[in-house]
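**Student:** Pasting the feature list from Swiss-Prot:
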SIGNAL    1-23  signal peptide
CARBOHYD  144  N-linked glycosylation site
CARBOHYD  222  N-linked glycosylation site
CARBOHYD  301  N-linked glycosylation site
CARBOHYD  372  N-linked glycosylation site
ACT_SITE  437  active site
ACT_SITE  440  active site
CARBOHYD  442  N-linked glycosylation site
ACT_SITE  515  active site, proton donor
CARBOHYD  756  N-linked glycosylation site
CARBOHYD  798  N-linked glycosylation site
CARBOHYD  804  N-linked glycosylation site
CARBOHYD  847  N-linked glycosylation site
């Protein structure tokens, strides 16, 4: 839902001027360093070299805390040695807390200048103090605060101004620092400031700070032909500007501490695994949330919502979740129902109907609570004293209901009150998920600079915490409270969609990218933003398909669903004032939707398995190509294509009037998912121009992968290797936890190989009872990329000849045509073989093999197994 206003707010601390930095501070000297006998951590003290009053007084003595919590994670924490400073609350983002004893600085001799970990080595200089982080494996320096080359100033640490810089190699590729609408793609652009301060600035504005704050970046470098990735997190919730100059990076922060975490990687997947092991693994999502969602601000009554559901059915476009924006509320008041337009009995009848169809219902909640003496939610909130204060009273703001107070989610009483209100509403309306919006916080009706469209930075939270300090964690704290409430009320796996996010939000909520435009540029930017959030640990992400506002041309909506069908979170949503944009509004768009969403629904088991991988290791669902091809430097800046998982590549049309797409194909064989007779082969990796008429989206599966699908499990393997592997996770998706060992989940490893004139496909099942209880079977096998002949003989199923089985197996084949680069050599065609009628139980190990009639079989370029 849009806010009342859309204005650009920027925090300008100091423009990227070297003179400005040098004038601010002269740095610190290290005066002591000691090793803790308990855990091997180090504690040191720093003394300011020369104090001044620019931006306030320097903090005289700082405490330095260093530790290695894992083999691949280093922490460097710098704070005031004499006074406790604000940090992201340890009860919200759980992590090790440095010693909290504030004492006098010691002046013991500094006897070490290097602290070694298994992979990351910390090196520091004494005067002026600086530190560098170096890899043990290749000697590469990944972070270096020394200003010896005078490209930036010394470290500055004042009460309301902190500054620190690092040098960088000019060929480093950086990603992250969001949420930001990056018009130039996912790769950070030198000489652009990146502001981090959660605010309600719509994504209409490009290259600007948006709803979330994620002060983390990934650095990908190619060192002598080998790729190394690492990540750096500055865990700080204050507003900050980050200046990237190509050869250096400077942080300018308006408070808090320096709390740096370094993650060694070395692969991009290693990095997100290490990062999410600290900030929290992404939340497991219910299976239904991976279906298609429809929403609009302006579904003004139950009949309109019912018509939308009916029209999707008539158009034969899949729809799993219907949403209501604030239209269902009484006067925009949270936890209320407009009994005129949404009569309780009529709404319950509608929900009963869609629930029987397997559909779900999600509604919006804004944090602002209407100030109304007859409003029970307000009354109970006042009685429990749950609102943010200003000058001793609840802060009065203006949002949709009129005058509002904002809940203080740092207050334990607020969390309890919020949970009780959700319980009460759920008893009234059996919702399946919640959408928490405008939680940056968004507010209007007062004058401020930094606090414009939010609450004053001098407002305060529980225990006297200033809004100045806690502003950017508001949406995060609300997501935690909402997750706790839904879990308690439903006893099921919660689904929450949040606009504002912070470090760790992915542990509790999905995210959509806010109020975007119905423009071609917004379509392009949606991919970059989606890929960034995978790096941030929020893999369940998507943008408003067809754009939130203004009117969207038919051609654009046509192309947008071809992209949006492959967002991890796939939802069509539009503004109240925009024309209707449901996918059935245009004939050509409906056809594209049936095609693209039809493929998405086939991919649901695959997407759900990616959801499991994300929950277990932080692996993004949607990924940049460099995650799978880190040595292929041509894809480092690629933002117009993306991968789902490690091997499924989407290459959409993103420009008006185009009926073909120029796509980059990393080295190997790629199989078209919509027409498996088409194969793209590139020996060294290159651009290919592919046809892309309306209703066609280029989706390709890479060699050596196994792809579990609805009715299909695909096994492509490489022409040179003849081996493929993959996996499938199944469970009761209502369980709060997503894991093996609970008796209600199954995990399958699939394998396939070609050799000695035979093809073999087999599985290894862990805890198969759940899959057996669901009656799931593999019905069809398709093998792609066979050389020589398609003729199949001597089919064996679990060691027995298929002729001994009572089932009838159908065998068919098609020729595959290759698109081969002009510089490449090799075969120009192959064969795909399909076996139907297998009915192999998913919950039991299976082994199927057959002989090929020709001796010309060389290897398997790809294969596919289909499960029903």
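A Cβ is built for glycine as well, from the same backbone N, Cα and C atoms used for every other residue.
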**Student:** List the Cα distance (Å, whole number) between residue 756 (N-linked glycosylation site) and residue 222 (N-linked glycosylation site).
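**Tutor:** Rounded to a whole number, the Cα-Cα distance is 39 Å.
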**Student:** Applying a 10 Å Cβ distance cut-off over all chains shown, what neighbour count does residue 222 (N-linked glycosylation site) have?
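**Tutor:** Around residue 222 (N-linked glycosylation site), other Cβ atoms within 10 Å: 16.
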**Student:** Please name the residue among the glycosylation sites 301, 756, 798 whose C-beta has the most neighbouring C-beta atoms within 10 angstroms.
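**Tutor:** By the 10 Å Cβ neighbour count, 301 comes out on top.
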**Student:** Near residue 847 (N-linked glycosylation site) in space, meaning Cα within 10 angstroms, which of the recorded positions do we find among 144, 301, 440, 798?
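**Tutor:** The recorded positions passing the 10 Å Cα test are 798.
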**Student:** Rounded to a whole number, how many Å is the Cα of residue 798 (N-linked glycosylation site) away from the Cα of the residue listed as 'active site, proton donor'?
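**Tutor:** Pair distance, Cα basis, whole Å: 54 Å.
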**Student:** Whose Cβ, among the glycosylation sites 144, 372, 442, 847, has more other Cβ atoms within 10 Å than any of the rest?
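**Tutor:** Going through 144, 372, 442, 847 one by one, the largest Cβ count within 10 Å is at 442.
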**Student:** Tell me, by DSSP, whether residue 440 (active site) is helix, strand or coil?
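**Tutor:** DSSP assigns residue 440 (active site) to coil.
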**Student:** Taking every protein chain shown into account, which of the active-site residues 440, 515 has the largest tally of Cβ atoms within 10 Å of its Cβ?
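**Tutor:** Top count of Cβ atoms within 10 Å goes to 440.
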**Student:** Check the Cα-Cα distances from residue 301 (N-linked glycosylation site) to the active-site residues 437, 440, 515 and tell me which is shortest.
**Tutor:** 437
**Student:** Check the Cα-Cα distances from residue 437 (active site) to the recorded positions 144, 222, 372, 515 and tell me which is shortest.
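**Tutor:** Of the recorded positions 144, 222, 372, 515, 515 has its Cα closest to that of residue 437 (active site).
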**Student:** Validating a neighbour-count step here. Other CB atoms within 10 A of the CB of residue 437 (active site): how many?
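**Tutor:** Around the Cβ of residue 437 (active site), 26 other Cβ atoms lie within 10 Å.
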